[in-house]
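**Student:** Just passing along the structure, written as structure tokens.
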Amino acid sequence: MEYFDIMSQACKDVALPFNEDTYNKFSQYKDMIKVWNEKINLTAIVDDEQIFKKHFIDCIKIFKFSPLKQAKNVIDIGTGAGFPGIPIKIMKQELNLILLDSLNKRINFLNEVVSKINLNNVETIHGRAEDFSRQPKYREQVDVAVSRAVANLAVLSELCIPYVKVGGYFVAMKGPSVDDEIKDGKRAISILGGKIDDIIKINIEDSDLDHNLVIIKKVKETPKAYPRKAGTASKKPLK
Ligand code: SAM
């Protein structure tokens, strides 16, 4: 229970309840990250305290965007070892979550996590983000798309915005370069049917990390031409 207090404080900061059961889920998840990280590359952060702060608390702070608390369907694009999707799901177990990543070994890890810590209504998808948002089953279906550390905003918008229903949101977790990324990404966001709604500064207890949530509201449908073929968004970002 070493990190119970800092986790509890972070949850208080986003006005969400926290208890022993929630803590145990995070703790089991942390243990699995450490074990699997010896076989496959999941994260460069391996120290317990850093996993709690830089992964779990950082991701919990996404609830500073409070409409996420009401979301029924969420997709995490380029989720890697499950960030921010798994922490979101542990905090709001009733929501339906899709975790998508192009690396199958990470998806295998996530399937194991979902089963071990008893998370229901989680779908894992192995593939490129650009390939699934063309399918009617996934296109413009979620209330909120989230993503951390996958690509710059111009590229990421093409990967994420097509999944969001009109009226929903795309929340991008960004570091200190947020202003430049917004400047470069504005046109792409608009073409894809989004509009920047807010930028929320995140503070992480006992840390000087400069993190931000870029909140993009979906205001109109994404034109049929997007996303372009897998790989095109990063080679030729919409600018
Ligand atoms: N979101 C996690 C985090 O914050 O720790 C992982 C970040 S990791 C740096 C980027 C992840 O995005 C990788 O797991 C990679 O496989 C995935 N990725 C990159 N481009 C992708 C794409 N076009 N479609 C799906 N996944 C993608």
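Cβ coordinates come from backbone N, Cα and C, glycine included.
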**Student:** Would you identify which residue of ARG106, ARG148 TrEMBL lists as part of the S-adenosyl-L-methionine site it also attributes to GLY78, PHE83, ALA129, GLU130?
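**Tutor:** As annotated by TrEMBL, GLY78, PHE83, ALA129, GLU130 share the S-adenosyl-L-methionine site with ARG148, chosen from ARG106, ARG148.
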**Student:** Fewest other C-beta atoms within 10 angstroms of its own C-beta: which of the binding-site residues GLY78, PHE83, ALA129, ARG148 fits that?
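**Tutor:** Counting other Cβ atoms within 10 Å of each of the binding-site residues GLY78, PHE83, ALA129, ARG148, the minimum falls on GLY78.
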